[in-house]
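Quick one: the structure is below, questions incoming.
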Amino acid sequence: MRRENIAVIGTGYVGLVSGTCFAEIGHQAIAVDRDQSKIERLRQADIPIYEPGLEALVRSNMEAGRLSFTSELQEAVRRSDILFLAVGTPSMPGGEVDLSYLESAFRQLAAAVDRYKLIVIKSTVPVGTAAMAEGWLREEGVEEGRFDIVSNPEFLREGSAIHDTFHSDRIVIGAEDQQAAERIAALHAPLQAPVLFTDRASAELIKYASNAFLAAKISFINEMANVCEKVGADIALVAQGMGMDKRIGSHFLQAGIGYGGSCFPKDTKAQLRIAEDVDYDFKILRSVIEVNALQRERFADRIIQELTEAGGGKAVAVMGLAFKPNTDDLRDAPALDIIEALTTSGVQVRAYDPVALEKASAHMGRHELVTFHADPYEAVAGADAMVITTEWEAVKSLDFGEVARLLSQRLLIDGRNCLEPAAMAELGFRYVSVGRA
Ligand SMILES: NC(=O)c1ccc[n+]([C@@H]2O[C@H](COP(=O)([O-])OP(=O)(O)OC[C@H]3O[C@@H](n4cnc5c(N)ncnc54)[C@H](O)[C@@H]3O)[C@@H](O)[C@H]2O)c1
Ligand SMILES: O=c1ccn([C@@H]2O[C@H](COP(=O)(O)OP(=O)(O)O[C@H]3O[C@H](CO)[C@@H](O)[C@H](O)[C@H]3O)[C@@H](O)[C@H]2O)c(=O)[nH]1
């Protein structure tokens with residue numbers, strides 16, 4: 001294998017995980033971030049995000065001299081032959097993608113293009129961005145022939161990012177230049193993943209299409225769950241039966257309070273906007289987004305209805321703040337919207353999360369109706385109901401006999417369908433879940 005000198009620009013989830021994994025498979029990787037405090041922490045192998053297994057991998061690759069961190073972008077570019085861009089591409093209020101971080105990184109790196117550089121866009125970007133980035137480099141005076149730009153979207157999930165990288169379903173390489181494409185494929189060869197070569201526009205679109213399709217699966221199963229509640233069917237069995245059909249597949253059919261996180265909400269809105277910009281009304285996607293927002297609202301309404309029917313309780317323990325287990329990421333976390341809806345109705349919230357508590361309290365600030373608890377039993381003690389918003393193992397494995405004793409009313413509302421209805425009923429709970437009448 002040819003050992004490449006790689007710079008990864010941006011050390012969020014994607015930059016940090018992919019830079020570390022490139023080092024792990026034998027390349028020389030330097031990870032760059034403009035956030036100096038992040039770089040100082042990373043140099044001590046102090047990982048700013050919670051991602052299982054990442055710290056050990058960063059540490060061992062730093063010790064082996066294959067991974068380093070810097071805030072000097074141009075220095076990193078001079079020392080490297082392949083540059084991966086993994087900066088954020090957040091949503092703007094109208095759904096359009098904010099490419100300002102990407103543009104600024106391209107313009108900054110231009111001054112350091114002292115010889116041929118192979119530049120790879122790993123950030124999720126709208127169709128046409130790779131072509132536009134060529135224009136940014138030319139405007140900065142970089143000569144034609146000194147670079148190629150390749151699109152190589154990232155498909156890892158938070159919480160299982162390292163596993164996903166080493167067991168990738170596919171590596172998509174969108175390029176105009178065949179040699180550039182083959183070099184990026186060779187770089188990934190130790191991962192032994194299937195490679196799909198495409199043009200750049202198709203690669204850019206594959207990323208949005210994949211996220212939009214997965215989000216659609218979730219909204220579909222959530223609507224089926226809502227129907228199940230009305231007709232007295234069980235969504236878990238419906239999903240199981242559907243998933244046994246290989247054409248449908250069993251993944252992403254978990255009904256609940258809908259999707260959140262740093263990707264699905266922003267990427268579905270971006271894809272809708274991309275379609276609008278070419279005069280296409282992407283009707284399914286519009287509904288997927290609407291259903292997802294409604295699912296959170298329905299759940300908050302259900303909690304209030306259950307509290308009222310149980311005699312007007314006013315305090316709930318909200319278990320899980322991160323948008324999914326095994327991450328401390330709070331971006332577009334359903335729990336935060338649900339807490340807001342509850343407090344707006346005057347309900348007191350006793351919030352628990354095994355890893356995201358500190359971030360959540362910093363993010364939400366002080367609120368007279370919200371308290372944060374590092375101990376799950378303390379969160380539950382004296383509350384009128386327990387609400388599950390993230391299916392953390394630490395929540396699923398609680399001693400529910402003890403929870404029943406600590407709650408002032410045995411009301412358990414499970415937004416992730418992660419507990420067994422019969423077992424909860426046996427403990428005397430009124431157990432409410434999504435789509436399981
Ligand atoms: N988070 C995920 O699970 C995931 C998965 C697949 C794809 N993506 C996509 O990957 C991209 C990055 O996502 P993320 O969650 O890792 O982002 P993030 O927002 O967590 O991190 C981006 C990092 O880039 C840094 N940065 C911004 N401008 C810079 C510059 N000019 N020079 C150096 N550093 C700079 C920021 O300081 C920040 O640390 C996005 O486009 C996202 O949609 C994310
Ligand atoms: O059956 C399911 C599966 C997921 N979710 C929710 O969907 C959201 C996203 O989950 P997941 O896809 O596991 O996490 P992400 O880390 O956001 O990963 C998605 O977004 C990334 C960023 O683009 C992509 O790289 C990944 O392929 C894509 O799965 C979370 O809120 C989950 O709770 C459900 O409600 N039901």
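Cβ coordinates come from backbone N, Cα and C, glycine included.
In TrEMBL, annotation is done automatically, which means it is predicted and not curated.
Pasting the relevant annotations from TrEMBL:
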BINDING   Asp33, Lys38, Thr89, Thr124, Glu158, Lys266, Arg331  NAD(+) binding site
BINDING   Phe155, Leu156, Arg157, Glu158, Lys207, Phe252, Leu253, Gln254, Ala255, Gly256, Gly260, Lys324  substrate binding site
ACT_SITE  Cys263  active site, nucleophile
DOMAIN    317-421  domain 'UDP-glucose/GDP-mannose dehydrogenase C-terminal'
For Thr89 (NAD(+) binding site), write down the residues of its own chain that are at least 6 apart in sequence and whose Cβ falls under 8 Å from its Cβ; none is a fine answer.
Val97, Asp98, Leu99, Tyr101, Leu102, Ser123, Thr124, Val125
As a test of the contact definition, list every same-chain residue at least 6 positions from Lys38 (NAD(+) binding site) whose Cβ is closer than 8 Å to its Cβ.
Thr11, Pro48
Just the binding-site residues from Leu253, Gly260, Lys266, Arg331 whose C-beta lies under 6 Å from any atom of ligand 1, please, or none if there are none.
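Cβ under 6 Å from ligand 1: none.
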Give me the DSSP three-state residue breakdown of the domain 'UDP-glucose/GDP-mannose dehydrogenase C-terminal' (317-421), ordered helix, strand, coil.
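Result for the domain 'UDP-glucose/GDP-mannose dehydrogenase C-terminal' (317-421), in helix, strand, coil order: 36 helix, 20 strand, 49 coil.
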Based on DSSP, name the secondary structure state of Lys38 (NAD(+) binding site): helix, strand or coil.
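Reduced to three states, the DSSP call for Lys38 (NAD(+) binding site) is helix.
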Just checking the binding-site residues Leu253, Ala255, Arg331: which sit within 10 A of Cys263 (active site, nucleophile), CA to CA?
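Cα within 10 Å of Cys263 (active site, nucleophile): Arg331.
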To the nearest Å, how far is the Cα of Lys266 (NAD(+) binding site) from the Cα of Arg157 (substrate binding site)?
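Taking the Cα atoms only, Lys266 (NAD(+) binding site) lies 15 Å from Arg157 (substrate binding site).
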Within the set Asp33, Glu158, Gly260, Lys266, which binding-site residues show a CB-to-ligand 2 distance under 6 A?
Glu158, Gly260
Take the C-alpha atoms of Arg331 (NAD(+) binding site) and Lys207 (substrate binding site) and report the distance between them in angstrom, rounded.
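Between the Cα atoms of Arg331 (NAD(+) binding site) and Lys207 (substrate binding site), the distance comes to 19 Å.
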Could you tally the C-beta atoms, other than its own, that fall within 10 angstroms of the C-beta of Lys207 (substrate binding site)?
25
Just the number: how many Å between the Cα atoms of Lys207 (substrate binding site) and Glu158 (NAD(+) binding site)?
16
Calculate the distance in Å between the alpha carbons (Cα) of Glu158 (NAD(+) binding site) and Ala255 (substrate binding site), and round it to a whole number.
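Distance (Cα to Cα, whole Å): 19 Å.
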Taking the Cβ of Glu158 (NAD(+) binding site) as the centre, count every other Cβ atom within 10 Å, in any protein chain shown.
24
